[in-house]
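Novice: If you scroll down you'll find the structure; I have some questions about it.
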Amino acid sequence: MSLTRKRGFYKQDINKTAWELPKTYLAPAHVGSGAYGAVCSAIDKRTGEKVAIKKLSRPFQSEIFAKRAYRELLLLKHMHHENVIGLLDVFTPASSLRSFHDFYLVMPFMQTDLQKIMGMEFSEDKVQYLVYQMLKGLKYIHSAGIVHRDLKPGNLAVNEDCELKILDFGLARHTDTEMTGYVVTRWYRAPEVILSWMHYNQTVDIWSVGCIMAEMLTGKTLFKGKDYLDQLTQILKVTGVPGAEFVQKLKDKAAKSYIQSLPQSPKKDFTQLFPRASPQAADLLDKMLELDVDKRLTAAQALAHPFFEPFRDPEEETEAQQPFDDALEHEKLSVDEWKQHIYKEISNFSPIARKDSRRRSGMKLQ
């Protein structure tokens, strides 16, 4: 056996890729892969639980990849909330920094995501329960000083009992970091992100929740723009073209003159726009799909909306114990330096028992 590898690991080809796993994880099976890594499911023999294991794709290929891998590890480590995906374990088969090339993230296994089931009929109580969980997760994330910025149905994992977790913090950034306009899938993207037209904050995620909730209620994507301008046009058809008070908040001159060139129009009546929704659901959507970020609901305000009364438990609407601190966010480090930081994080990691909710809704997805 190679002295550069740890004992207690075994090799297995999964979907034409070599994986090296500790013997505590049994029956690995391919789940999916994307630009930044592949995921397999496995059984943790210590608990009997099914877990998801992510192998990052070439994490040390470049400074950008290495920094991204470090940030993903740190963010997952920071998350301790039942509606946010967090880290159960992290490991590397390497026994020293010199032989360290790959590492694996272990997370709770989730059966599907909202994207895959968006075509199904959602009853209003299912919408209540799922959106309530999205907002609980966001309240927690936002309290840590993090904006998700990429919230869309594919980033919302669900189990058959309607339990939901927010995924994918690869593109999340600290609120006080300069934000760029190319993040959320366009259809779920807040208008202030599309145009970078004004300062924006954590309520970009609330806009995304509004778009997702509307789609769950109607079975159709609310703002299905073909490009940026078409996206904005579709949004303004619903929100109305704003007046002078809003326009003077815009920092971007081109956006200012474009909005001023349009004839002013009122906001649509959301009870007419969503005829199948209850008045409370329409009212919540109206307040989440607010053009002015200063008037849009925060996650905490949205949770207090009467729409969630049947499921609400304020004790479960927890905040992060401390803000997320990524002291290296602005550092320009070499691949080797990022590698050292990641190796140290892995070596120092001690798993924390994750507590999920005491109560269950009794609902089933299908």
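From the backbone N, Cα and C atoms, a Cβ is placed for every residue, glycine too.
Annotations for this protein, taken from Swiss-Prot, read as follows:
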type: DOMAIN; residues: 25-308; note: domain 'Protein kinase'
type: BINDING; residues: Val31, Gly32, Ser33, Gly34, Ala35, Tyr36, Gly37, Ala38, Val39, Lys54; note: ATP binding site
type: ACT_SITE; residues: Asp150; note: active site, proton acceptor
type: MOD_RES; residues: Thr180; note: phosphothreonine
type: MOD_RES; residues: Tyr182; note: phosphotyrosine
type: MOD_RES; residues: Ser350; note: phosphoserine
Novice: C-alpha of Ala35 (ATP binding site) to C-alpha of Ser350 (phosphoserine): distance in Å?
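Specialist: About 28 Å separates the two Cα atoms.
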Novice: So what's the mean pLDDT when you look at the domain 'Protein kinase' (25-308)?
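Specialist: Averaged over the domain 'Protein kinase' (25-308), the predicted model reaches a pLDDT of 90.
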Novice: Hey, what's the Cβ neighbour count for Ser350 (phosphoserine) at 10 Å?
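Specialist: Excluding its own Cβ, the number within 10 Å is 5.
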Novice: Calculate the distance in Å between the alpha carbons (Cα) of Ser350 (phosphoserine) and Gly37 (ATP binding site), and round it to a whole number.
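Specialist: Ser350 (phosphoserine) and Gly37 (ATP binding site) have their Cα atoms 23 Å apart.
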Novice: Rounded to a whole number, what is the top Cα to Cα distance in Å among the residues the record ties to ATP, namely Val31, Gly32, Ser33, Gly34, Ala35, Tyr36, Gly37, Ala38, Val39, Lys54?
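Specialist: Taking every pair of listed residues, the largest Cα separation comes to 14 Å.
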Novice: Tally every other Cβ atom lying within 10 Å of the Cβ atom of Gly37 (ATP binding site).
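Specialist: For Gly37 (ATP binding site), the 10 Å Cβ neighbour count is 20.
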Novice: Which chain neighbours of the ATP site, leaving out Val31, Gly32, Ser33, Gly34, Ala35, Tyr36, Gly37, Ala38, Val39, Lys54, have a Cβ atom within 8 Å of the mean position of the site's Cβ atoms?
Specialist: Lys55, Ser57
Novice: Just the number: how many Å between the Cα atoms of Gly37 (ATP binding site) and Asp150 (active site, proton acceptor)?
Specialist: 17
